[in-house]
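K.L.:
Relevant sequence annotations retrieved from Swiss-Prot are reproduced here:
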- 8-176: domain 'Era-type G' (DOMAIN)
- 16-23: region 'G1' (REGION)
- 16-23, 63-67, 125-128: GTP binding site (BINDING)
- 42-46: region 'G2' (REGION)
- 125-128: region 'G4' (REGION)
- 199-283: domain 'KH type-2' (DOMAIN)
Amino acid sequence: MSEQTPHHCGSVAVIGRPNVGKSTLTNALVGAKVSIVSNRPQTTRHRLLGIATYPEGQLVLVDTPGLHKVQKRAMNRVMNRAARGSLEGVDAGLLVIEAGRWDEEDSLAFNVLRDAGIPVVLVVNKIDRLKEKGALLPFLQQVTEGRDFAAVHPISAQKRNGLEALVRDVLKLLPEAPPMFGEDEITDRSQRFLAGELVREQLMRQLGEELPYATTVEIERFTEDGNLLRIGAVIWVEREGQKAIVIGKGGARLKEIGAKSRLQMERLFGAKVFLETWVRVREGWSDDEAALKAFGYE
């Protein structure tokens with residue numbers, strides 16, 4: 001590494017309201033699936049690190065649950081705490097918003113970053129979904145007026161448009177430092193944690209509107225047998241009726257959830273996976289702080 005090309009490295013919080021594409025952006029920058037995604041808000045429930053390594057530097061991305069104003073249930077409060085706690089010790093923040101939309105929760109996310117006293121890059125995601133391309137510039141002017149951003153980047157995380165320029169600008173905000181992680185490392189989370197998240201992703205994708213929010217996944221068994229991973233996953237719900245829905249007629253839905261989860265695990269872990277799944281009931285777990293702690297929520 002020459003003196004003309006210093007290496008930059010630091011922590012970058014990825015903040016925004018639910019469902020703006022924070023996890024899709026994290027995965028795109030890392031170049032691997034470290035954070036689950038779905039079309040439903042609040043898919044991300046845990047703080048995790050995504051490690052994006054480039055010749056010029058390393059971004060340690062702190063992917064967070066979406067910040068939301070309503071905190072009626074314990075789960076919502078826990079996720080908001082995780083999002084706010086992610087700002088401790090970070091060097092910069094990415095405020096991710098959806099092109100054409102700015103509301104109270106976007107303002108909340110901006111205020112949280114501003115109060116942290118770190119440089120903030122505005123990332124305007126989903127520009128490919130704008131029906132009128134001419135509406136982008138007036139929207140950017142509206143959002144940036146009276147708000148201090150270190151840089152503004154319209155992007156499409158899903159299509160990977162605009163990411164190179166974003167990375168260049170974010171690296172400039174980070175200190176000159178050697179990498180914190182090795183080149184092959186992509187996250188601070190264990191395979192056991194990621195396995196549970198991949199099962200939960202399928203629950204978010206395959207179940208109805210409300211039911212995914214009443215489910216969580218606990219990995220009871222994770223063992224290596226040569227090139228075979230043996231994984232046992234418990235899907236927790238809050239009522240017997242929900243259990244029947246997750247299992248489906250003749251066990252069809254649970255079988256589909258398991259099959260798709262297994263394929264995702266094999267792709268991510270680079271190994272064959274033998275996956276068993278069970279569905280169990282723990283009443284009211286999502287509004288019970290003790291239960292949330294037992295299931296690994298921070």
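Any Cβ shown, glycine's included, is placed from N, Cα and C.
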K.L.:
With the cut-off set at 10 Å between Cβ atoms, which of these binding-site residues ends up with the most neighbours? Options: GLY16, ASN19, LYS22, THR64, ILE127.
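P.N.:
Going through GLY16, ASN19, LYS22, THR64, ILE127 one by one, the largest Cβ count within 10 Å is at LYS22.
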K.L.:
Per DSSP, how many helix, strand and coil residues does the domain 'KH type-2' (199-283) have?
P.N.:
41 helix, 30 strand, 14 coil
K.L.:
For the region 'G2' (42-46), what does DSSP give as the number of helix, strand and coil residues?
P.N.:
0 helix, 0 strand, 5 coil
K.L.:
Could you tell me the mean pLDDT the prediction assigns to the region 'G1' (16-23)?
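P.N.:
A mean pLDDT of 90 is what the model gives the region 'G1' (16-23).
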K.L.:
Tell me the residue counts in helix, strand and coil for the region 'G1' (16-23), as DSSP assigns them.
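P.N.:
Counting residues per DSSP class in the region 'G1' (16-23), I get 2 helix, 0 strand, 6 coil.
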K.L.:
Please report the DSSP secondary structure of THR64 (GTP binding site), reduced to three states.
P.N.:
coil
K.L.:
Would you mind splitting the region 'G4' (125-128) into helix, strand and coil residue counts from DSSP?
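P.N.:
Residue counts in helix, strand and coil order: 2 helix, 1 strand, 1 coil.
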